[in-house]
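Visitor: Pasting a structure below so you can have a look.
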Amino acid sequence: MNESLSNSTTRTNTLLKESIMLSSQTNDSLDKINPEVFNGKITKKLVISAFGALIGGSFQFGYNIGCINNPSQFIINWIRRSNSSSTKDLMGEEKAETIFGIIASIYFLGGMIGSFLTGYVGDTFGRKKGLLLNNIFIFIGLLLQGIGIYYHLYYLLIIGRFCIGISCGLATGLTPMYLCEIAPKNKSGLFGNMNQVFITFSILFSQILGLSQIFGTSTRWYLILLFPIVPMIIQIVILPYAPESPKYELVVKNNIDNAIVSLKKLRDEEDIYDEVEFLKREAEESKYLEKVTLKNIFKNELHWPMIVAIVMMLSQKLSGVDAVLFYSTSIFKSAGLKNNAPVYGTIGIGLVLFLQTLVSTWLVDHPRFGRRPLHLFGLIGMFFTSIGLVICLIVQNQDVSSKVKLIGSYGAIATVIVYIISFATGPGGIPWFYVSEIFNSSARGISTSISCFVNWMAGFFVGLIFPIANGYLKEYTFLIFIVFIGICIIFVFRYVPETKGKSVDEIQREMETKRKS
């Protein structure tokens with residue numbers, strides 16, 4: 001019976017391949033296929049595949065950003081005791097704080113390197129296998145951190161965080177790429193934005209683990225840094241059962257058999273003819289395009305989509321969101337919150353970020369919305385709330401009555417909440433998957449590498465420059481971000497097209513029309 005079923009499946013695949021090859025000779029353009037005809041449903045295999053990628057990719061990225069904040073003082077105290085035989089030999093606090101700063105920021109340096117490797121790893125090993133191999137860096141990083149903590153060797157924490165950064169840099173490119181390539185066309189926004197849902201959830205989760213009632217103590221803080229072994233194991237168990245991206249199999253590797261097998265698994269054996277035909281056309285057209293490399297992507301017809309992708313990434317990182325989160329605890333303190341209340345307030349901000357990201361995930365594929373309007377709405381909201389935040393912070397620092405100061409403090413809390421809602425609506429999640437929607441599979445690897453590298457570099461730059469600028473400009477530092485948000489609003493309104501339900505060819509033509517008009 002099994003042999004009969006196998007023979008039947010083989011004959012079906014053969015007929016499907018022959019019909020696709022024949023149709024590719026009679027039709028020339030992707031435009032002749034309506035993408036809406038293969039709008040698919042969410043299947044069990046699709047959900048499991050997406051979760052396997054997200055838990056070891058997006059979750060790790062967000063968690064390792066947030067996990068270092070709450071236990072910071074415990075880590076600094078541990079650094080001071082490193083290589084010391086007694087309390088008399090304690091390292092100076094200023095030096096220990098500098099080392100902690102290196103431990104925190106080296107993660108972003110590793111992320112820059114990892115993100116730059118995304119295209120090579122994704123195209124050489126595949127999206128799924130690349131995510132699995134990526135766990136090697138996580139494992140090495142956690143091993144070094146564990147040895148460093150046990151033997152009081154702080155430099156192993158630095159190297160370990162660097163390795164984890166490489167892994168998370170790779171994940172920021174590979175995960176959205178895989179999600180967008182396995183999702184049905186009508187669900188690409190939903191699955192693409194799940195990347196940001198897992199990032200925001202993991203940041204919130206790391207903040208909760210850092211509470212004194214859980215791991216935020218002088219004896220348990222190290223468990224926060226070693227927790228990433230859990231999502232690593234989950235991914236290693238789940239992801240091998242997920243299919244490879246059918247787009248990668250057909251467009252990059254030109255393997256129609258594997259593409260059909262992957263699609264059948266993802267779509268529960270439903271009719272996949274139109275979807276395979278669409279991918280076949282994309283593969284055929286890719287053969288006539290110049291090979292996309294780092295050297296020529298800014299010289300050929302893809303240079304403008306690449307610029308758009310970069311600006312979308314910059315609109316996220318240079319919006320000042322990290323600065324707003326930095327200020328959040330001090331804003332809660334100035335509003336009169338005492339003891340651990342400011343910490344809970346910061347966790348509340350993380351909860352708002354997570355919940356609004358869920359709302360955005362529903363809106364992004366809604367008929368009345370889409371990528372462009374949500375991104376614009378978010379940027380405009382951030383622009384005005386940033387202005388409001390600057391005004392409130394100025395009021396706080398003026399020689400005025402305590403009542404007026406309190407009004408400024410509560411006003412600052414309100415503007416921070418609205419700012420976070422605006423960020424989560426568009427700029428927080430959309431740039432991560434937008435790049436995968438404006439390039440075909442043959443160019444998706446290198447374009448994702450460049451855009452993710454820019455994102456990490458911008459994050460590293462803000463983390464490096466913001467404390468210095470804040471020391472001189474104080475609350476006026478936000479004016480820099482306000483100017484940049486304004487520039488991004490103009491650019492997005494003028495040049496960025498909607499991508500929902502459109503083929504790559506349609507999107508790129510619309511981009512070119514907007515650029516020339």
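We number each residue from 1, going along the chain as drawn.
Even glycines carry a Cβ here, placed using N, Cα and C.
Those TrEMBL annotations? Automatic predictions, nothing curated.
Quick paste from TrEMBL:
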- 50-500: domain 'Major facilitator superfamily (MFS) profile' (DOMAIN)
- 99-120: transmembrane segment (TRANSMEM)
- 132-152: transmembrane segment (TRANSMEM)
- 158-179: transmembrane segment (TRANSMEM)
- 191-215: transmembrane segment (TRANSMEM)
- 221-242: transmembrane segment (TRANSMEM)
- 304-329: transmembrane segment (TRANSMEM)
- 341-364: transmembrane segment (TRANSMEM)
- 376-396: transmembrane segment (TRANSMEM)
- 408-434: transmembrane segment (TRANSMEM)
- 446-470: transmembrane segment (TRANSMEM)
- 476-496: transmembrane segment (TRANSMEM)
Visitor: Where else in the chain does the transmembrane segment (446-470) make close Cβ contacts, counting only residues six or more beyond its ends and a cut-off under 8 Å?
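Guide: Contacts of the transmembrane segment (446-470) (Cβ under 8 Å, skipping residues fewer than 6 from its ends): 105, 108-109, 111-112, 115-120, 122, 169, 172-173, 176-177, 292-294, 297, 302, 305-306, 309-310, 312-314, 316-318, 322-323, 326, 431, 435-436, 438-439, 477, 480.
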Visitor: Grab the same-chain neighbours of the transmembrane segment (99-120) for me: Cβ-Cβ under 8 Å, and only residues 6 or more beyond its ends, written as numbers and ranges.
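Guide: For the transmembrane segment (99-120), the list is 64-65, 68, 72, 75-76, 79, 137, 154, 157-158, 161-174, 177, 445-450, 452-453, 455-457, 459-460, 463-464.
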Visitor: Please determine whether the transmembrane segment (191-215) and the transmembrane segment (304-329) are in contact (criterion: at least three Cβ-Cβ distances under 8 Å, sequence separation 6 or more).
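Guide: As far as Cβ distances go (cut-off 8 Å, pairs 6 or more apart), the transmembrane segment (191-215) and the transmembrane segment (304-329) do not touch.
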Visitor: Out of 221-242, 304-329, 376-396, which stretch has the largest tally of CB pairs under 8 angstroms to the transmembrane segment (408-434)?
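Guide: Answer is 376-396, with the largest number of Cβ pairs below 8 Å.
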